[in-house]
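Q: Take a look at the following structure, please.
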Amino acid sequence: MLNMRKSHPLLKIINHSLIDLPAPSNISMWWNFGSLLGICLSLQIITGLFLAMHYTSDTLTAFSSVTHICRDVNYGWIIRYLHANGASMFFICLFLHVGRGMYYGSYNYLETWNIGVILLFTVMATAFMGYVLPWGQMSFWGATVITNLLSAIPYVGTSLVEWIWGGFSVDKATLTRFFAFHFILPFIITALVIVHLLFLHETGSNNPTGLNSNADKIPFHPYYTIKDMLGFIIMFLFLMILVLFSPDMLGDPDNYTPANPLNTPPHIKPEWYFLFAYAILRSIPNKLGGVLALILSILILILLPLLHTSAQRSLMFRPISQCLFWILVADLFTLTWIGGQPVEHPFIIIGQLASILYFLIILVLMPLAGILENKIMKV
């Protein structure tokens, strides 16, 4: 008789995805972030569900309800801070996961990569709407500034913004709909993750060399389940240190002041994981140009398969492209720093130079380096 996990209609799917899945024998810890993202998503959905039980999406009571969760609900403070800092862990894993895909040429799995980019946009939208819910100063003004960017769209812009707001300013209608979207989007993300995995399992995993590994595969369980467990432990360790010792380190102090439409904070800025895109947006004086640059800064990932000129898939044996990749990483750190700084000299010019360098490396220098490396290989 067949083993139940191999014969049962439901268990069979799980078995082929997590247990008997053939995996390359040489994948490194950089391949750990997919499963870490799954854990982060589960944590966010569970903590978010418990928060939603006590939260009220009304402008008069939203701020008080968050205070009530932290003060009066059993372990409400840890649920709230796990959710807030869990989002930061989610984005750290997400950026490392995308970086891994760029470094090792995983973008050549077109369907998997494109679904991944859609996932990135969806997660960013969800995080933005979640940031509005506590209804602090930065929540209110962040929502006002970011939604207002849509008014840069010619002809329909202003109507579109008012339609999203549900009125002539960010108010009760906006908060209610943002809460509804913030609640439903993680389930849409879960569905997209399943599609992402479905496409991945059509081709099998990439590996550090970028070569075909069909001749050398090992079962996912127990080898990579144990390896992933180590990643879970390290991530939870960092998350718990953050939550229990400095839960507000990554937040903004302005968000502990209730939203006040009559008083603008001196520096409006989003959460740290959006700062690189915010810096690119601010570096262009024109509103429409800034919005386009903001969208393109993420959408550029879709173009990576078209910009791949090298005969080799991975950067493992390509030193020139490696240098450019790490300059790009340093550039993203610079943009993140600039995004959190006030709009004044010298931050404006640094932001503009870093933004130009970001697009220049991806669109021009990396493809040229690929062509150059091909020529060197032939010599």
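Glycine too: its Cβ is placed from the backbone N, Cα and C atoms.
Marked as heme b b562 binding site by Swiss-Prot: H83, H182. According to Swiss-Prot, the feature heme b b566 binding site maps to H97, H196. Here Swiss-Prot flags H201 as ubiquinone binding site. If you look up Swiss-Prot, you'll see 33-53, 77-98, 113-133, 178-198, 226-246, 288-308, 320-340, 347-367 marked as transmembrane segment, on the strength of similarity to another entry.
I would like each feature placed in context: is it buried or exposed, what are its neighbours, and how far apart are things?
A: On its own chain, H83 (heme b b562 binding site) has Q44, T47, G48, L51 as residues at least 6 apart in sequence with a Cβ closer than 8 Å to its own Cβ.
Within 10 Å of the Cβ of H97 (heme b b566 binding site) there are 20 other Cβ atoms, across all protein chains. DSSP assigns H97 (heme b b566 binding site) to a helical segment in the three-state reduction.
Classification of H201 (ubiquinone binding site) by DSSP places it within a helix. Counting every protein chain shown, the number of other Cβ atoms lying within 10 Å of the Cβ of H201 (ubiquinone binding site) is 14.
Residues 69, 79-80, 82-83, 86-87, 89-90, 93-94, 96-97, 100, 182-183, 186-187, 189-190, 193, 228, 231-232, 235 of the same chain, all 6+ positions outside the transmembrane segment (33-53), place their C-beta atoms under 8 angstroms from a C-beta of that stretch.
Using a Cβ-Cβ cut-off under 8 Å and counting only residues 6 or more beyond its ends in the same chain, the transmembrane segment (113-133) has close neighbours at 55, 57, 62, 66, 87, 90-91, 94, 98, 101, 106-107, 139-140, 142-143, 146, 174-175, 178-179, 181-182, 185-186, 188-189, 192-193, 195-196, 199, 270-271, 273-274, 298-299, 301-302, 304-305.
Outside the transmembrane segment (178-198) by six or more residues, the chain places 17, 37-38, 41, 44-45, 48, 52, 55, 57, 112, 115-116, 118-119, 122-123, 125-126, 129-130, 132-133, 143 with a CB less than 8 A from a CB of the stretch.
Distant neighbours of the transmembrane segment (226-246): 29, 32-33, 35-36, 39-40, 78, 81-82, 85-86, 88-89, 93; these residues of the same chain sit at least 6 beyond its ends, with a Cβ under 8 Å from one of its Cβ atoms.
Residues 98, 102, 105, 107-108, 110, 113-114, 117, 120-121, 124, 149-150, 152-154, 276-278, 280-282, 355, 358-359, 362-363, 366-367, 370 of the same chain lie 6+ residues outside the transmembrane segment (288-308) yet bring a C-beta within less than 8 angstroms of a C-beta in it.
Counting only same-chain residues 6+ beyond the ends of the transmembrane segment (320-340), those with a CB under 8 A from a CB of the stretch are 99, 102-103, 269-270, 272, 274-280, 282, 310, 347, 350-351, 354-355, 357-358, 361-362, 365-366, 369-370, 372-373.
Beyond the ends of the transmembrane segment (347-367), by six or more residues, the same chain brings 279-280, 282-284, 293, 296-297, 300, 303-304, 307-309, 321, 324-325, 327-328, 331-332, 334-335, 338-339, 341 to within a C-beta distance below 8 angstroms of the stretch.
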Q: Should H182 (heme b b562 binding site) be counted as helix, strand, or coil on the basis of DSSP?
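A: Assignment for H182 (heme b b562 binding site) reads helix.
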Q: Other than its own, how many Cβ atoms are within 10 Å of the Cβ belonging to H196 (heme b b566 binding site)?
A: 21
Q: Using Cα coordinates, what distance in whole Å links H196 (heme b b566 binding site) and H182 (heme b b562 binding site)?
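A: Approximately 21 Å lies between the Cα of H196 (heme b b566 binding site) and that of H182 (heme b b562 binding site).
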Q: For H182 (heme b b562 binding site), write down the residues of its own chain that are at least 6 apart in sequence and whose Cβ falls under 8 Å from its Cβ; none is a fine answer.
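A: Result: G48, T126, M129, G130, L133.
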Q: Measuring Cα to Cα, how many Å separate H97 (heme b b566 binding site) from H201 (ubiquinone binding site)?
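A: Approximately 17 Å lies between the Cα of H97 (heme b b566 binding site) and that of H201 (ubiquinone binding site).
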